[in-house]
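Annotation comment: TrEMBL describes 1-45 as compositional bias 'Basic residues'. Positions annotated as compositional bias 'Basic and acidic residues' by TrEMBL: 72-84, 92-101. Residues or ranges marked as compositional bias 'Acidic residues' in TrEMBL: 479-500. For 526-536, the entry in TrEMBL reads compositional bias 'Polar residues'. Taken from TrEMBL, the feature domain 'CP-type G' applies to 131-316. The annotation region 'Disordered' is assigned in TrEMBL to 1-58, 72-123, 461-559.
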Amino acid sequence: MKRPKLKKASKRLTCSKRYKIQKKVREHNKKLRKEAKKQKVRKVKKDPGIPNAAPFKEEILREAEHRKLQLEELKEKQKLTKQKERAKKRKLEAEKNDPATKAKKAKKEQTVKKQLKSTSNKDNNSKTLFCSELKKVIEASDVILEVLDARDPLGCRCPQVEETILNLDGKKKLILVLNKIDLVPKENVEKWLKYLQNEFPTVAFKASTQLQDKTVQQKKRRAASGAVDLTKGVTCLGSDFLLQLLGDYYRSRGTDDAIKVGVVGFPNVGKSSLINSMKKMRACHVGISRCTTRCMQLVHIDKSVKMLDSPGIIAGSLNSAVSLALRSASEMEELGNLLEAVNALLKHCNKQQVMLQYNIPNYRNSLEFLTLFAMKRGCLKKGGVPDTQKAAETLLNDWTGAKVSYHSKPPEQHKFPSRLSETAVAERLKEWGTEKLEQGNLNTIKNVKCPNMASSIVFQSTGPTDGVLDEGVVKEPDEGQDEDEEVEIGSEEEDEEELDEIKPKVKKVLPVDKASNGKSEEKTTGEQSTLQSQVVPVSIDFSSSKKDDDAYDFNTDFN
C-alpha cells in the first residue's frame, strides 16, 4: 500500500506471501531439473585448460593467442569497411546536392554523345565498305544468285542490283533463288515460282540451318556415324539441282577455269546458309545481325564451281517502314525506332492471325501488343514492368529469322518492268531450260514439309525494296553541325543563368499607370507575376501535315 506523502508503495511483504513465492520458485526449479534429467541435458563443463604435464604447452598457448589476435584484427577490418561504406553514402548524398558535381555530370554526358557520334560515323564507313564489296562480287562473278525470302519474295528483290547486272550486256547471268520454302505453304510457293519465272530463271531452295561441321574431319565423322536429326533442319533441299544447273553452264562454256557464282541479297535472306548448304559444312559465318558478312569471301564448292559470299544489300532510307523493319532491323534498333517498325509490321498483317500465332488477347495498338507479348515471353524489367524494347527486338528477330511462318500473295497480273523485255526473258529461259527448271523445282517442293495456309500469317507486301549501291549516296553527317549541337547542349546552363539575370531587369521596365485617378499606384508582387506569366498564343495549323506514305492498314485496305 502507498504510504502517506510518498509516491512509491513499500516493497515489504507479509511473511505468508514471501514463503509462498519461495515455495513456488523451488517447485519450478525442481520441475526443470527433472525434465533435464529425462532429456539427459548435461551442463557444459568448463575448459580445464592445458595441463602442465602436456608436451609443447607453450606452443599451444602461443597458437591460441595468435588466433585471438587474428579474430580481433578481422573485427577491426569489418568495422573499418562499415565506416567506409557509411562515409561513401554520406559523400554521395552530399554530391547530389553539390552544383560542381552536376557540372561534371553534364561534361561526361557530352563526351558520351561525342563517342556515339564517332561510332555512327564508323557505321557509315562500314556501309560504304559494304557497297564497294558488293560491287566487287558482281564484277568478279560469272553467275549471280539473288537470294529471296519465300515469305516476301517481291520485297526481297532489289531493282538497282538487277539493273546493274542487266546493263553488263549479258556477260553476267542472273538466277533467282527462292529460299526458306519450308516456312511458306506449298500452294503459295508454286504461285511465286510461276510469277518469278516470267522474268528470270528461279530455283526453289531450302537451306540447312543446323550445320555444325567446321572442318572436313568433323563432316566425315558425322557421315560415318549416320546419326542425322531431320527435325533440326540439317537436311538441305534444292542444292543438288542448283549444282546441276551450274555444272551444265560450266560445261557449255567449254573452258577449264571454274565459274565464279556470286550470292547477293538483303540481310537475313540466307546467303551464307546457302553457301554452307552447297559446301555441306560451315564455311561462312551465319548470324541474325546485318554485319555478319562484312567482306567478299571465296568458297570452293567443287572443281567447276566457286562461290562468292557478299555483305547484305543496304536498304535505302526512302523505303517504307515495313520494308526497313524486315530488311534492316539492326539499323532500326540502332536508331531506336523499334516501336514504329513493329507498328508498321502489325498494320500489314491480319490481326486475328497474329493473335492466334502468339496466343495473345485482343489489343488496341502496337504498344499494348508489345506489353502483352513481353508478359508472354517473360521480357520484364525490375519490379515486373514489361520491357517493350526487348519484346520489339525479339519480335523482329522472329520475323527476320526462320521462326515465324508468314506468306505474301503474288500480284494477279504480271507486268514487265521497263528494264526487261519479253524476248530477252524467253532467251534466258531457253538457255537454262524451262522444262528442266520446272521439273527440278517440283522435285524439291515434293520433299519439303510446308505449313498449312491456316497456320501461316497473311502478309501484305509493299513491293520491291530500293537498295544503295553507290558509295556516294551513303552520306556522313556534317562535322560542323555536330559541333554546333554540342555547343548548344553545353551552353544550356549558361542560357538559364543569363535568363535569371534578365528577369529582375524586366520587372523594372514593366509599365506603371501613373494617370489613374492622379495617383502613382505601385503594383503588388502578385500583379507582376501575372504579367510575367502571360503566354503569347501560337496558332498551329494541323491541316498542312503530310500523310505518311506507309499509312496502310491491313484490316481496312486489304480486300
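Positions of Cβ are set from backbone N, Cα and C atoms, glycine also.
Model, not experiment: these values are computed from the prediction.
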Confidence summary for the domain 'CP-type G' (131-316), mean pLDDT rounded: 83
Residue counts (helix, strand, coil, in that order) that DSSP gives for the compositional bias 'Basic residues' (1-45): 25 helix, 2 strand, 18 coil
Contact set, same chain, for the compositional bias 'Basic and acidic residues' (92-101): CB under 8 Å, 6 or more residues outside the stretch: none
DSSP-assigned states of the region 'Disordered' (72-123) in counts, ordered helix, strand, coil: 50 helix, 0 strand, 2 coil
